[in-house]
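Down below is the structure, laid out as structure tokens.
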Amino acid sequence: MAAKDVLFANDARQKMLKGVNLLADAVKVTLGPKGRNVVLDKSYGAPTITKDGVSVAKEIELKDKFENMGAQMVKQVASKANDEAGDGTTTATVLAQSFINEGLKAVASGMNPMDLKRGIDKATEAAVEKLREMSKPCSDKESITQVGSISANSDRAIGEIIAEAMEKVGRNGVITVEEGQGLDNELSVVEGMQFDRGYLSPYFITNQENGSVELDNPYILLVDKKVSSIRELLPVLEEVAKSSRSLLIIAEDIEGEALATLVVNNMRGIVRATAVKAPGFGDNRKAMMEDIAVLTAGTVISEEIGLELEKATLEQLGSAKKVTITKDTTTIVGGAAEASAIADRVASIEKQIETTTSQYDKDKLQQRVAKLSGGVAVIKIGAATEVEMKEKKDRVDDALHATRAAVEEGIVAGGGVALTKIAKELADLKGDNDDQNVGIRVALRAMEEPLRQIATNAGDEASVVANAVKAGDADYGYNAATGEYGNMIEMGILDPAKVTRSALQFAASVAGLMITTEAMITNHVEDKELDI
């Protein structure tokens, strides 16, 4: 087993604190509308310029192992806030730095670390409750635009395009962000269910101009296995031919004789049939096939449930108003299902979203809900250079997450004002003893720090701004972008309550751990002597 280095008590905490401050000082300069840029060196290509706190935090690894432990713990705060609410990473880092600095000063002066932690936890719980009381619902387009604009570093164009996307696909709709080709941002909405599988043969193409297959009012046959023998398909093909309607076959794969016969029938005009592979892989494929079955009021022909392809009937086929297939995608519009069947399926998937812990699985399930609900919006980012494109895409991702969080838990006054007001309201909060009271004061002082940092980044005197804001009424605050004081809600400076809540909770959590740390252990690194 490798030798270890061990540090105890104040020596350990001071090393850890140095790492915390190194990371937090690099991240906090990006906070607010006048936040500064940070340039990140890359091992290849041009440097990246960013104002995204979590991007800065992810880049930092320190040489000293003990200092690095402190930095990594604060990095975890930023990542957790990002995972929970998709934004608020810089706020969480600023809060954590203040909690830890003030908390460790109290420990150094002889306070009981456990009581300090209890005091911090008590103040945090009370603040979260106040946040819930303060939050106002965010449902209209203008509020969503304002939240998106603030999160995208006061870029109103980004806020507007996100609000428009949400209006078109609904709150549960999937909105994806891609790199565009031009200089302007573009929004496109794909109606119906789309999945990334194209036609299996170019001979199926019906629209030669754009190279796509267009089927009007087709039957849809869903099969969960490979089809290579035409004998299995013949009975259902004959039934479809009698009905004079076209047919879309979605199967695990269609190859050999079966595919060749479909192509020949298509070219001769006997049966207008087109084949595509089923979307997804493994269990996800089965789930998506079931989704398509629900949407089109059909049945998945599966031997697992005793259904054979040779015995398939027209009643087991789904149908839709229109299907468009390109070489890469298939879009089903106007499935024949009743609204109640789709609603039941969506409710079932939403229950899975609540129980799953994997973010990847959540995203996949959310996409399935959106496809069933009828829409996917794609925001294409326009920029002049690759560096600008990356920076802008980061901001749009942040803004998108922030607007979702705002719709979920409501909005509060932005610019660090909500936490500053809460700190003022909780001034009389008391713990069970003097050390807990110090912990409460540490937490209340930390809650003012985001406002102070926003003012500092804007070139203003932090204490003057903080005192002026505390002297005002409920939503009175400071607009760092213009240098004006006023009602933050009316000025459109809003923060999602969920972002503020998660930033505070995660910062308090990691601060409690650091304050109560008494020893640090890391692998010993021996200095290698140079051979001369």
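Note that Cβ sites are derived from N, Cα and C of the backbone, with glycine treated the same way.
Since we're looking at a predicted model, the values are computed, not measured.
Database features, via Swiss-Prot:
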BINDING   30-33, K51, 87-91, G415, 479-481, D495  ATP binding site
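The secondary structure of T90 (ATP binding site), as reduced to three states from DSSP, is helical.
Taking all protein chains in view, 29 other C-beta atoms sit within 10 angstroms of the C-beta of T90 (ATP binding site). Least crowded of the binding-site residues (T30, G32, G88, D495), judged by neighbouring Cβ atoms within 10 Å of its own Cβ: T30.
D495 (ATP binding site) carries a strand DSSP state (E or B). Contacts of G415 (ATP binding site) defined by a Cβ separation under 8 A and a same-chain sequence distance of 6+ are given as G32, L451, I454, G477, Y478, N479, A480, M488, I493, D495, in order along the sequence. Around A480 (ATP binding site), taking its Cβ as the centre, 25 other Cβ atoms fall within 10 Å, counting all chains. According to DSSP, A480 (ATP binding site) sits in a coil region rather than a helix or strand.
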